[in-house]
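A.B. asks: Before I ask anything, here is the structure I am working with.
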Ligand SMILES: CSC[C@H]1O[C@H](OP(=O)(O)O)[C@H](O)[C@@H]1O
């Protein structure tokens, strides 16, 4: 089936570029009105870029952190990987602390610790190869996931997506947006709706921009219009990404996802989560155990530097929520599709 998808045409957007000496990050705070890269020469600069959402998206921040470890290694000497990991631990902890919810960040750092820790005197070469492998595997996973997810969607369907889960949030092609790209390419998706995704506007600023690069013209909706849109019958699937999928299938994703799932179930709209297996966290039992990141309320008071809220007010700014597995019709990873996910299905797919 993937033969009908020309993956190369989706490779123009690269949010993360390793130059051999520095990590260049497409500054997603400025898109779509300014396309520019920030260059990071140290791991702490990478940590700051992750925290500030210069680079964002669960898989992308894991990939950036892996290259951040490579940058940190430039500051130490070590006879083998075990010594290197010991010396790099403080820098890796600062990378890990940059954002709490997406498991991909901790997953990437754990993988770098494990692989590098087993290396001998060639640990630097091993480290760079592993960081590149993390990125390459993510791109391959997204392409596989796109085909698997699109196969669930009946021809000429309407699809609603939330936040940004495309090339900007990954090593390329995207997760939920990869499913949408594949579905459009195969004629399975006739209409794409994108929620603006307040307060940071990943949908209005990033997803719309990405799809326009592909020649796909989405329809932007206010987050508040989603239930009304589903009521019209225009949407057959809601397709979203994930930041952490728990052992029972509960899924953390961008704030607003949970209410989309509630509305979808009420209106008979199918709900799909698309994420690489690096987003599955079998060590976290349920969504109640997930640390939901709360960001500066100031992110809610202005857009593009223009204040949109009254002065001298308080605000609550959680940037993720948890969708219970009972509201999810399918979880799609590169390893396959889990329909009606629950703990038994997750353990059958991913082990203990
Ligand atoms: C494939 S990206 C997954 C996930 O990450 C986004 O969050 P953020 O923009 O805050 O990094 C959003 O929740 C996406 O669905």
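Glycine is treated like the rest: Cβ placed from N, Cα and C.
For 56, 57, 58, 99, 202, 253, 254, the entry in TrEMBL reads substrate binding site. If you look up TrEMBL, you'll see 163 marked as site 'Transition state stabilizer'. If you look up TrEMBL, you'll see 243 marked as active site, proton donor.
Give me the lay of the land around each of these features.
C.D. replies: Cβ neighbours within 10 Å of residue 57 (substrate binding site), excluding its own Cβ and spanning all shown chains: 29. The DSSP secondary structure for residue 57 (substrate binding site) is coil.
DSSP gives residue 163 (site 'Transition state stabilizer') a coil state; it is part of no helix or strand. Note: residue 163 (site 'Transition state stabilizer') has non-local neighbours 195, 197, 202, 203, 207, 240, 241, 253, 254, 256, 257, i.e. same-chain residues 6+ apart with C-beta under 8 A of its own C-beta.
In this structure, residue 243 (active site, proton donor) belongs to neither helix nor strand by DSSP; it is coil. Just so you know, the Cβ of residue 243 (active site, proton donor) picks up 30 other Cβ atoms within 10 Å once every protein chain is counted.
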A.B. asks: Max Cα-Cα distance in Å among 56, 57, 58, 99, 202, 253, 254, the residues listed as binding substrate?
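C.D. replies: Result: 17 Å between the two most distant Cα atoms.
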A.B. asks: Going by DSSP, give the three-state secondary structure for residue 202 (substrate binding site).
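C.D. replies: Residue 202 (substrate binding site) sits in a helix per DSSP.
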A.B. asks: What's the CA to CA span in angstrom from residue 58 (substrate binding site) over to residue 243 (active site, proton donor)?
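C.D. replies: Cα-Cα, rounded: 5 Å.
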A.B. asks: Are there any residues at least 6 positions away along the chain from residue 99 (substrate binding site) with a Cβ closer than 8 Å to its Cβ? List them or say none.
C.D. replies: 50, 51, 61, 105, 293
A.B. asks: For the recorded substrate site, whose residues are 56, 57, 58, 99, 202, 253, 254, find every other residue on that chain with a C-beta no more than 8 angstroms from the centre of their C-beta atoms, and list them by sequence position.
C.D. replies: 61, 102, 163, 164, 165, 169, 241, 243, 319, 320
A.B. asks: In whole Å, note down how far the CA of residue 243 (active site, proton donor) lies from the CA of residue 56 (substrate binding site).
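C.D. replies: One finds 11 Å between the Cα atoms of these residues.
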A.B. asks: Between residue 243 (active site, proton donor) and residue 57 (substrate binding site), how far is it from one CA atom to the other, in Å?
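C.D. replies: The separation of the Cα atoms works out to 8 Å.
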